Amino acid sequence: MANSCRKLIFNIYVVFYCSAVIMPQICICSQFTSSPIDQFNKDPKAFPVATNGEIFPWHELRLPTVVIPLHYDLLIHPNLTSLDFVASEKIEVLVRDATQFIILHSKDLEILNASLQSEEDVRYKKPGENLTVLSYPAHQQIALLVPEKLRAHLRYSVAIDFQAKLADGFEGFYKSTYRTLGGETRTIAVTDFEPTEARMAFPCFDEPLFKANFSIKIRRESRHIALSNMPKVKTIELEGGLLEDHFETTVRMSTYLVAYIVCDFTSVSGTASSGVKVSIYASPDKWSQTHYALEASVKLLDFYENYFDIHYPLPKLDLVAIPDFASGAMENWGLITYRETSLLFDPKTSSTSDKLWVTKVIAHELAHQWFGNLVTMEWWNDIWLNEGFARYMELISLNITYPELQFDDSFSNTCFEVIKRDSLNSSHPISNEAKTATQIKEMFDAVSYNKGACILNMLKDFLSEETFRKGIIHYLKKFTYRNAKNDDLWHSLSNNCLEGDSTSGGFCYSDSRKTSNTLAFLRENVELKEMMATWTLQKGIPLVVVKREGRSLRLQQERFLSGVFKEDPEWGTLQERWYLWHIPVTYSTSSSQAIHRHILKLKTDTVDLSEKTDWVKFNVDSSGYYIVHYEGQGWDELITLLNQNHTLLRPKDRLGLIHDAFQLVSAGRLTLDKALDLTRYLQHETSIPALLKGLEYLELFYRMVERRNISDVTENLKHYLLQYFKPVIDTQSWLDEGSVWDRMLRSTVLKLACYLNHAPCIQKATELFSQWMESSGKLNIPADVLTIVYSVGAQTTAGWNYLLEQYELSLSGAEKNKILYALSTSKHQEKLMKLIELGMEGKVIKTQDLATLLFTTARNPKGQQLAWNFVKENWTHLLKKFELGSFPIRMIISGTTSHFSSKDELQEVKLFFESLKAQGSHLDIFQIILETISKNIKWLEKNLPTLRKWLLTSI
Ligand code: BES
Ligand code: ZN
């Protein structure tokens, strides 16, 4: 041991080196100031011990940058009967600095042997020099020790043979199964790597910065097909009848985007305008549900190629519906994988919101082919450059390709969703440090996705769509096949001049665009990088407080905190001085339709109005990421305006006012009765998104008091809702007709009416359910009311049992989701328990659907305690099914706790989280949940008496 240590000290050698010469973009400078040898002498324990007891020569989670991969040759042979795979790889690497070891990622792989060869280094010319392999599982790394130091600037080829079981969960190279119509269970093998699971399938440099080309070969039986990122070039028949598919070499890309599948799926294909072949794959019995996805993906691919002015660089694009999938979809280059419900559309059972979802997910993953695949963030701290952009592009692409889906009107909800989170102290900046695999997984959250998209949308509004588009095209072209960071984006957006543009203040203006003088003036005086740093490097959302004094508007910004009141002792500390944003505010007034603009950079500022005005409304179209509070008469003026003629404000402004008012209630800045008074105009509201927003808050309060058994308020609120929204409820047909929003309104309103036991609703749903049962499930019920009909049907034992039978038989994921939701609304706890057990067993109810099941069960007042107890008692089992930090685990934990609103519940959750921490599982979401529960408690304490009183005067 002592000897091997000493040997190692001399071998560890200037590995922390940063050369800007060979590949400047692959430059990860070390934070070490002293040499590794000094480090080792000072603290030998700092170096980890490999599984064989020897010292492992690397102690960082991030890989060294002395050896970089250029090309991978992969040969994979999965066996779908024995459920394992054998494989071999050759990685061509460039040594940038002399070294005696190569560090790679590898997780749960059995390395059979490793060898080294080089055409450029005479000492390694003859093939097959065997290497010592050390393994350090805590960092998921292996070290290949070479007998003689590799030389700088030479290329070497590392060959590794390895094998493993096909993984049990949803990550790495895993197995997935489905049942055929004939009742046979079939297995497929599929990969899912993002963020850090390529290392479960092959030893590799598994960090986004290490881009390389991949040549993949897959062995399979003739009953299967193999798919990978690139098209197949040829198939070779091997002895014993096995086939070996060879795929074209990929473009330069990160490891997390590599993908392959061995399955027996069938497909439909089409061709995009550019000639790219697009195919949708699904298990054979689901072929008929693939057509909508084909139409949408061809249309969206055409859109993106045109919008970005950059060709999709591969010859083909496959979209595959995978029967077992942990998240919604994954953007593997050329081989996008989807949960079945995110890709398949069944005209009979898919609702209008299902269609919107499928279209959005396709748009999202296609956007990643540029944002993410072509240009990748340098490190996971900036995952928003992938996910925020993909979410933003959902909006841009759907507006153009599917205007009839009216997605533009629901984008504000994308922002409202994340504001809930971002207004808690436990939020985090968009760009956030992430080191461990769990921390990296946690970065895939609403802040990266939604806040990322919302600040991009705000910036687009500020710069104009055309300037913004030019900027992002510039960014994509400049960083093609490379990696980028925040500043690269801001730089591209400020220096995006194309030929023919005139420049001013670092911005480009094309002649075609006439910008208002104020806007041009503002842009010229804004340092983009500085402005955007305030949105990406600090957490939270600003509150703009407006006070009108005659013709003068006094603006003040502060950090918006929900659940913390100004009179609370912690308020001051939470409003630290650095919470300042550069806010591009917009406003309109009663005296002009124009959009006025101003940049609020300081804590306080004043704006002078040119004319006298009756009211002023900030954040036009809700496109800015800030909340507005009106001091003095501001809110009263707006409430009066809404009541007198709400159409004087734009629909998205009405929507924003409802949102902001209720947020301000949570922050103790506006009284609940004032916010409720604001919703009174909704009787006349013609814009459905605004109407639904008001209804959403009222339903939220209803569910809160119902769960807490506050029966007088529950009854009165039910009465109020049914009375107040009677005209809307009673005019609904039970048909799939009207615009997307008409149909969304129908689903929401009828679902609420039936939930509140509204007799005509229950009667109609019962009638349809009986007819459906009598027809043995053959009757076509309109898809938008299907969930409602099933949920009412699930309230009898016969209905519930019948639904469970149909669940097993149904081939439509969309229908299965609706049935499962309905089953989870039962009032019988033994039925709810049975469902959870089926979910844990993973046969009738797939493990992939367990998280949603626990979430919906916990929403049911009769199931909330049951679901929560279940999670507490089965935590270790759950962690065997899903990785800590993964989306399902976060959904399970927050879905079963964040609706709590009592001190006892808070204490219980706290204790549970402490016990988890003691066992070594910590998640950032724990703090978010605790803050959310505290916020709920506070809300009830402060607002319950007001709600009670307001209802008494309103019904
Ligand atoms: N890149 C993600 C997939 C992913 C999610 C990888 C979490 C690692 C961790 C993909 O592009 C994505 O965002 N998928 C979404 C679907 C989206 C369109 C709603 C998802 O899975 O929720
Ligand atoms: Zn994504």
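Yeah, the Cβs are placed from backbone N, Cα and C, and that goes for glycine too.
Since we're looking at a predicted model, the values are computed, not measured.
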Original post:
Considering the Zn(2+) binding residues HIS364, HIS368 given in TrEMBL, which of GLU378, GLU387 is annotated for that site as well?
Top reply: GLU387
**OP:** Calculate the distance in Å between the alpha carbons (Cα) of HIS368 (Zn(2+) binding site) and TYR449 (site 'Transition state stabilizer'), and round it to a whole number.
**Re:** 12
Original post:
When you put TYR449 (site 'Transition state stabilizer') at the centre and draw a 10 Å sphere around its Cα, which of the recorded positions HIS364, GLU365, GLU387 have their Cα inside it?
Top reply: GLU387
**OP:** Could you tally the C-beta atoms, other than its own, that fall within 10 angstroms of the C-beta of TYR449 (site 'Transition state stabilizer')?
**Re:** 24
**OP:** Within 10 Å of the Cβ of GLU365 (active site, proton acceptor), how many other Cβ atoms can you find? Include all protein chains, please.
**Re:** 27
**OP:** Taking only the Cα atoms, work out how far GLU365 (active site, proton acceptor) lies from GLU387 (Zn(2+) binding site), in Å, as a whole number.
**Re:** 10
Subject >> Whole-number mean of pLDDT values that fall within the domain 'ERAP1-like C-terminal' (615-933) >> reply: 97
Subject >> Intrachain C-beta neighbours of GLU387 (Zn(2+) binding site), sequence separation six or more, cut-off 8 angstroms >> reply: GLY372, PHE444, SER448, TYR449, GLY452
Original post:
Within 10 Å of the Cβ of HIS364 (Zn(2+) binding site), how many other Cβ atoms are there?
Top reply: 26
Subject >> Other C-beta atoms that fall within 10 angstroms of the C-beta of HIS368 (Zn(2+) binding site) >> reply: 24
